[in-house]
Ligand code: GDP
Ligand code: GDP
């Protein structure tokens, strides 16, 4: 069950990014007393009353080349498209403006629930002025102060009421995956080729929320997959879909909903900065990863072309050394039939549980060949290790002092665990914990 999404909309300078940061619970972008400050992040996680959700700050999607009215319109469209609940922010200082009315009209036409917040109500007197905002026709206006942190609780209470209730239990055995990569690497071609070779399941439930664009299919081995929609698939050519921040955000939301991420590279172009950013996000999020080099038909091949390409990828994605690499062509269909089995395999590895007794044998053997590090005369002692989670496999290692567990030793233990068990394709987490 993916987290629900809350999108913040509103005209510039009403306090969207201030509120975004408040809800995110950390100062993740700098808000200054200048309008239109730069924001580094537009997508993050929030939590309220134990409910986790994703938040989008649509104001941070850079559309500044567009006329003012269009910017506002696109941002409202993005909110409608991406969100389960929309937080519409206005400001009591300026009252109801023409731009607010424009946003309201667009939101009004959609069937997404809207919570109307009137920001900058910093003191009690101002709270009475919010009644004007009933004219927007979007229900009760909530007076808040983003910078003082007043009233946000009521807004979030209201927002989570409208989140979709837990759907019918998702079948855990279905593997969700997505194809992530820059425009033109061949995502749509790969998707069509894969769907052409496997049996697609047509869902009985029509027109349900965003999931309607996901595709279910069964591979030859009988494994069921859900292929998650990503930006490249739609090709509707909307202005905002061409902005980099939006496409990165779409990739991140797809990764959040995936078990396995196929990182698609173009054999002719190699690796770009954006690929690394997105692969890094998938790694941090603990998703299984497969690196797919597409358009392999376009390279003139000598005996070591593949090995050299692989070396280049390994050097660029150092932390992804566990990710298998496959060289394919959507055009000639070369090796495409191997993809479903590969996705199935790494999906299983991500769910692998290893018995504590064998795990501890592996750790003890590891310590025997490479003694634990010392710091100022104190040596790291490992007492016991146990696997506490899957997806990704997570190990708690009980030690005398977790500060003595250096990154390099943790890396070494990870490698020894990988040698012993089939964790190909999945990140694994090692958490040192002091034994009480
Ligand atoms: P955005 O363009 O809608 O994202 O607006 P920002 O979050 O960048 O805020 C615009 C300006 O309003 C900044 O100078 C903020 O410090 C200020 N601001 C935000 N929230 C409040 C508030 O609750 N009260 C007051 N007085 N100022 C606020
Ligand atoms: P997307 O933007 O990532 O979805 O990329 P598309 O699937 O639209 O592909 C972009 C272009 O690359 C199209 O012209 C495709 O025909 C071409 N293309 C995709 N895969 C291959 C491939 O494996 N080999 C060759 N030669 N061309 C490909």
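Just so it is clear, glycine is given a Cβ too, placed from its N, Cα and C backbone atoms.
Unlike curated records, TrEMBL annotations are generated automatically.
Taken from TrEMBL, the feature domain 'EngA-type G' covers 4-167 (among others).
DSSP assigns residue 58 (GTP 1 binding site) to a helical segment in the three-state reduction. Annotated GTP 1 binding site per TrEMBL: 10-17, 57-61, 119-122, in sequence order.
Positions annotated as domain 'EngA-type G' by TrEMBL: 175-351 (among others).
The feature GTP 2 binding site is assigned by TrEMBL to 181-188, 229-233, 294-297. Look at residue 184 (GTP 2 binding site): DSSP puts it in coil. Non-local contacts of residue 184 (GTP 2 binding site) by the CB criterion (under 8 A, 6+ apart in sequence, same chain) comprise 266.
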### Task
Based on Cβ atoms within 10 Å, give me the single least packed residue among the binding-site residues 16, 187.
187
### Task
Could you say whether, by DSSP, residue 13 (GTP 1 binding site) belongs to a helix, a strand or a coil region?
coil
### Query
Considering only the binding-site residues 13, 16, 61, 181, 184, 187, which possess a Cβ situated under 6 angstroms from at least one atom of ligand 1?
13, 16
### Message
Tell me which of the binding-site residues 61, 121 sits in the most Cβ-dense spot, judged by other Cβ atoms within 10 Å.
### Response
121
### Task
Give the distance between the Cα atoms of residue 121 (GTP 1 binding site) and residue 181 (GTP 2 binding site), rounded to the nearest whole Å.
43
#### Entry: Cα separation, residue 187 (GTP 2 binding site) to residue 61 (GTP 1 binding site) (Å, whole number)
23
### Query
Can you tell me the three-state DSSP label for residue 296 (GTP 2 binding site)?
helix
